[in-house]
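So the structure is just underneath, and the comments pick up after that.
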């Protein structure tokens, strides 16, 4: 009873903080000058991280098993993973570009998990026989950590594509503008060109940072995903007598692995780095959500215990 009450309190606290942080993010998005509000939102995410940690520990103690047995618990752990990835660059101060992605990801995931939409599966139950194994922690935690890192890295790649597209479009319009302007206002061309070059240099630096961090975060996520798939294969052999069954979840996890393996392969070729590899990562972003959420909508296969409740089907 005590753990249930504590879990209920932590859930409401985390949802309240998330709601406040979302409001602050919207305000800072509209008004960039409010620096103190941005700092408050960052601290709010850190407080949310500790609330989620307390929630997971409380649920673990009360249920007697690691809280990764259903969709609700996996969403909470996914939010915790986003928050963990967010905290590291926040304290380093020199990787703020990564925190711009991880912050909103943690906020939205935690907000969805604790909003009441998944009320039917909030209560922890007895594990199904297939999940009563020591491999639960190893397999599922590695998969969720892999999803979190791959999603963050993919979002950085999406941002890279957007900025690159806007940069190329402005380059086209600016070049035409300079040609027209040179016929009428020759003395202003040098000044405008220097301003344009400075702005273009800043964008180029930003694109390089996005490319740098997307590659490293995706590499980390790919490592987690590989460990998760391998440990899952060993667990499947123990539980079902076969390393691989081409279950919908397994199939899409394999597709996800292939897509990001292609991404990492493109990174070995200098000509394919940047926008080309970012396109592959952007495709991977969609594939991950199909693997994590889309397959759950089917509610079939050996991983059906992680599906939505019956009211959603």
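From the backbone N, Cα and C atoms, a Cβ is placed for every residue, glycine too.
Just so it is clear, the model here is predicted, and its values are computed rather than measured.
Ranges compared are 181-201, 244-264, and Swiss-Prot records transmembrane segment for 244-264. Within the same chain, residues 71, 147, 150-151, 153-155, 157-158, 160-161, 164, 211, 214, 218, 248-249, 252-253, 255-256, 259-260, 262-263, 266, 304, 306-308, 312-313 sit at least 6 positions outside the transmembrane segment (278-298) and bring their C-beta atoms closer than 8 Å to a C-beta of that stretch.
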